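Among the features that TrEMBL reports, domain 'PAS' is placed at 91-193, 246-351.
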Amino acid sequence: MVSILVQPAANPRNGIEGAKIVQEKESVWKRLVLIQRLRKRLRLRKIRKENAVILKELDDATVSSGISVPTTLSEALPADLEIRIKDRRAIMVTETTGKFNIIGCNKAWENLCGFAECEVIGKDSSALQGPDTNYDGLRDAVSRLFEGEKKVQVVTTNYKKDGSKFRNFLTMAPLKDEVTGKVTHFVAILSDVGDIYRRRKIRKDNEAILKVALDDITIGSDVSLPTTLAEALPADMEKRNNDPRAIVVTEATGKFNMIGCNKAWENLCGFAECEIIGKDSSVLQGPDTNYDGLRDAVSRLFEGEQKVHVVTTNYTADGTKFTNFLTLGPLKDEVTGKVTHFVAILNDISENLKVRNKSKA
């Protein structure tokens, strides 16, 4: 008896259902890919937004506009070592593949980072990185270079050879072959902006203190500043002693030694003029003095500001402390217009604050 094997007839429904399953799997896969791309895009957008906020904080510091970027390897690392040494920009050049190993740097980079060029050639930049480094921002910056951007900036925290960290305003750009125009390397210019950040924080803190102390700062707006030495300390002693403003004048150099004051200042601080001439203002300072705010105020005067306010705690001759709404300004030579001295007007707002605090309690 011969057995005949008969194959079952193909069911068209099975083929249709199989195709549907394949289509559904492909559809799910495509959706997953789209979701991953969307997540990546959103993450990149978040990283770039955060970086933009950080960069915006440095807008008025003119860091970005002051950085010129080389476009070729010979510009970034000139063969003439004298030119390379004189360049004040902290420059490092890396490969564009693999781990972006360093191929060279200049003297300014060595001074900033603490490494000698021979110690970093052939190594990647991980030696400058640590726990507080902005890795997302750096990865995004490199991605943007590969996307064709000509200049990318990111703020990160880097570390020197001795382990100390610094706030780095990093500018990156591609370097091109002078003949073919192809990108051969990346250049990185490092700028330590730690001082800018510290000063910005001090100013924000001082503004907050001013706001809490005086709300609309009516006292500050009422303070009229002399503009010359003759106005600040008139030769007419009657006029000087009748001025209700507590005025002291200092030199504009060195330790800012005091050169004179008026009667209102003597009454407030408890010192006679003869006791303070030739001395600096440390006689009025103590544990609660706002040293950061005072240093920043002086810096702002040197930057050209004509009127600066700061709230600090000062001490009288007998050790009594008072809250001082201090107004500072430059005094100029009447002929040359050059700044010769600084004037300080002290205003004891201790009672104002007590009354305000009681009314709020």
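Every residue gets a Cβ built from N, Cα and C, even glycine.
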Secondary structure tally of the domain 'PAS' (246-351) (DSSP, helix then strand then coil): 29 helix, 39 strand, 38 coil
Within the predicted model, mean pLDDT of the domain 'PAS' (91-193): 94
DSSP-assigned states of the domain 'PAS' (91-193) in counts, ordered helix, strand, coil: 27 helix, 38 strand, 38 coil
